[in-house]
Amino acid sequence: MASEQAAAAANPSDRLLPAAQQQPDQQQRPHDNVAYEDVTDSNFVYEFGGPVGAASMIVGFPLLMAYQFLCVYDNKGQFLLPSSLADFLPWVARMSARYWEIAYPSWTGIKIYLGFTLFTVALAYVCPGPVLYGYKVPSLNGQRLAYHCNALWAWWITVATALALHFSGLFRLTQIIDNLGPIMTVAMIWSFLLAGAVYALTALWGKKHRASGNFIYDFFMGVCLNPRIGTLDLKMVTELRVPWPVLFFISLSCAFKQYEEIGYVTPESAFMVLAHWLYSNACNKGEECVMTSWDIFYELESWYLLFWNLAGVPFSYCYSSIYLLKNGPMNFSLGWNVMCYVLLVTGYYFWDTGNSQRNRFRMFWNNTLIKRNAFPQLPKSFIPNAKYLQTSHGNKLLIDGWYAYARKPHYTADLVMSLSWGLITGFGSFFPYFYLTFFTIVLVHRVGRDDARCARKYGADWDEYMRVVPWKFVPYVF
């Protein structure tokens, strides 16, 4: 292996051959022929503004979510502002009182959110599904952790159970939107408690990773790399199985509520149900692809991941659905709605296939590629004999499929989908565009982090990769 890497590094043209011409068939490759992923990262630098930035976000994000909830849920998507500078403190008092009135953590909110969470965890233990293995973990002496990839079964069981409960009258899904404030508050509290438990247990067991020594910053960024409860991988569950299904059920709840109020579901509300079903379904049908992603092999289980996955994603990305319920029917033209649907489906196609191309490329070389007949199966989801750039580090950088044209095409497609989620509501409020705004900031920051780390990791190979694929998001534009 070392001699092959040295030869590839010496002759860049050899690194750009199709996979089939560089390596024997997957069936012939030994199972241990898998590169280590560097998760130690000794080049420590403060991110997100260091301890001050971390403290600001720990306090600021819950306050931002509470404020936006009041604007969207209680004020039809319009900003709530003090009438003057002198009115600021009384305005804060009024806002706090109103939030507590409609969003205190009620027993109903606790039952709905934690009931769903416990049901999800139970399904993760008992549902059938393939067991696959991630990258070798240096801190575990090269052990490859097993991942029970049964999210697809769990997702469809959850959807079927929810619909059965709704139509039987045992639990009307409209209770979600009716109790959205309390459910959101419970989710925020639960994320703090879970983040605290993960941090405390990791510190108690002496297994901190990449710790700075500053408590606030380490709580924010995390110190636990592979949090597990038996066969349950906490990062996989909190990233895929909770946030996106909850978001879908919020939109579905809004649609059912709209049907109760006006007797039909508008094309715009149906759009949001479709959008969030597509996203949640894709996350669950492609769960096995995520175990080789940055979030799983490198990111630590942290406050910011837990808070945003368990509370931020479902309760901040639902503003379009709530806005349409509170302000509908919108009565947009057929042409406008068709344009939004086309934008959504087009963005989804490139997002789904783009993620599939890069992750199944990794899975092929990680000896974990399997065929699954999950719906929907899209053309161009896997590139046989994909071209790649071989690095001296040992990893392979994909330069085929959509990744021959841009380094982050899946991010571009994701942004197109988020744009469609706003456009379907028109231009009467900023809040349906919060997801697009926030997501753009997050992705630009994340790409910067990724580029900096990869430049350190791959050196001259990264320079060659950027020469071969010079565009980040859009070919010939950016």
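Indices start at 1 and increase along the chain as displayed.
Just so it is clear, glycine is given a Cβ too, placed from its N, Cα and C backbone atoms.
Not measured: the values here are computed from a predicted model.
Copied from TrEMBL, the annotated features are:
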- 1-10: compositional bias 'Low complexity' (COMPBIAS)
- 18-27: compositional bias 'Low complexity' (COMPBIAS)
- 1-32: region 'Disordered' (REGION)
- 52-73: transmembrane segment (TRANSMEM)
- 112-133: transmembrane segment (TRANSMEM)
- 153-171: transmembrane segment (TRANSMEM)
- 183-205: transmembrane segment (TRANSMEM)
- 303-325: transmembrane segment (TRANSMEM)
- 332-351: transmembrane segment (TRANSMEM)
- 419-444: transmembrane segment (TRANSMEM)
Report summary line: Given the transmembrane segment (112-133), its same-chain partners at Cβ distance under 8 Å and 6+ residues beyond its ends are 144-154, 157-158, 161, 175-176, 179, 183, 186-187, 190, 230-232, 237, 241-242, 245-246, 249, 288, 291, 363, 366-368, 370, 372
**Report entry** Same-chain residues at least 6 beyond the ends of the transmembrane segment (303-325) whose Cβ lies under 8 Å from its Cβ atoms
**Finding:** 48, 57-58, 61-62, 65, 68-69, 72-73, 76-77, 177, 180, 183-184, 187-188, 190-192, 194-195, 198-199, 219-222, 235, 238-239, 242-244, 246-247, 250-251, 254-255, 257-258, 266, 268-269, 272-273, 276, 295, 421-422, 424-425, 428-429, 431-432, 434-435, 438
Query raised in the report: Are there 3 or more C-beta pairs under 8 Å linking the transmembrane segment (419-444) with the transmembrane segment (332-351), counting only pairs at least 6 apart in sequence?
Result: yes
**Report entry** Ranked first among 52-73, 153-171, 419-444 for CB pairs under 8 angstroms with the transmembrane segment (183-205)
**Finding:** 52-73
